[in-house]
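S.K.: Got a structure for you, written out below as structure tokens; questions coming shortly.
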């Protein structure tokens, strides 16, 4: 029987082993989650570290702060979807979950780093010490309003122009203090006021 098949249909049987030896072609499937591409390799490595790590996260680097915190002019800062769009675009999350709040600042990194050497003022929680900017900075405060797991995160976007409160940490490689977290963006009162020695807004009588 086999001899008859080979004689009758020689070509298909000869091509069959070649087809079996060809590499399997995988079809690309689009997903809702934006996995990092080659130019986002560092983001992907950070994602793996956050997802599988059981200890504290790495302190932020200069490049991470520039990618995750600082913004450029483009979409209007008072746009209702600003935070939802920016957070997903910058892949801001923690262990596959939405972050509860976030600040984006319209400024250069060098300007932000200089704040680390300003005087200490109370943070918004009243416990830790923060450094406050000397001038007003434009930015957006993002507050989570819907969902807890990516990519369904929805945020309320609030435009602010005020004094930035940040925490800083020492980086051995640069031998400098660098921004660690954005604690608050405090809008000054509309009426006449001044800052006390502790950096607290005081309304004169």
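Including glycine, each Cβ sits where the backbone N, Cα and C put it.
According to Swiss-Prot, the protein has these features:
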DISULFID  98-153  disulfide bond
DISULFID  116-168  disulfide bond
DISULFID  123-130  disulfide bond
CARBOHYD  131  N-linked glycosylation site
CARBOHYD  143  N-linked glycosylation site
SIGNAL    1-26  signal peptide
S.K.: Where residue 130 (disulfide bond) and residue 168 (disulfide bond) are concerned, what is their Cα separation in Å, rounded?
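M.R.: Roughly 8 Å, rounded to the nearest whole number.
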S.K.: Compare the C-alpha of residue 98 (disulfide bond) with the C-alpha of each of the recorded positions 116, 123, 131, 143, 168, and give the closest one.
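M.R.: Smallest Cα separation from residue 98 (disulfide bond) among 116, 123, 131, 143, 168: 143.
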S.K.: Of the recorded positions listed here (123, 131, 143, 168), which is spatially closest to residue 153 (disulfide bond) when Cα positions are compared?
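M.R.: Nearest candidate: 143.
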S.K.: Specify the nearest of the recorded positions 116, 131, 143, 168 to residue 123 (disulfide bond), where nearness means the distance between Cα atoms.
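M.R.: Comparing Cα positions, the candidate nearest residue 123 (disulfide bond) turns out to be 131.
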S.K.: Measuring C-alpha to C-alpha, could you say which of the recorded positions 116, 143, 168 are within 10 Å of residue 131 (N-linked glycosylation site)?
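M.R.: Those near residue 131 (N-linked glycosylation site) - Cα within 10 Å - are 116, 168, in sequence order.
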S.K.: Quick one: pull the CA-CA distance for residue 143 (N-linked glycosylation site) versus residue 168 (disulfide bond), whole Å only.
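M.R.: If we compare the Cα positions of residue 143 (N-linked glycosylation site) and residue 168 (disulfide bond), the gap is 23 Å.
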S.K.: Let me know the DSSP-derived helix, strand or coil state of residue 143 (N-linked glycosylation site), please.
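M.R.: For residue 143 (N-linked glycosylation site) - judged by DSSP and reduced to three states - the answer is strand.
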S.K.: For residue 116 (disulfide bond), what residues in its own chain, 6 or more apart in sequence, show a Cβ-Cβ distance under 8 Å?
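M.R.: In sequence order, 131, 166, 168, 176, 177, 178, 179 meet the Cβ cut-off.
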S.K.: A 10 Å Cβ contact count, applied to the disulfide-bonded residues 123, 130, 153: which residue has the minimum?
M.R.: 123
S.K.: Most Cβ neighbours within 10 Å: which of the glycosylation sites 131, 143 is it?
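M.R.: Of 131, 143, the one with the most crowded Cβ is 131.
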S.K.: Counting other Cβ atoms within 10 Å of each residue's Cβ, which of the disulfide-bonded residues 98, 168 comes out lowest?
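M.R.: It is 168 that, of the disulfide-bonded residues 98, 168, has the fewest other Cβ atoms within 10 Å.
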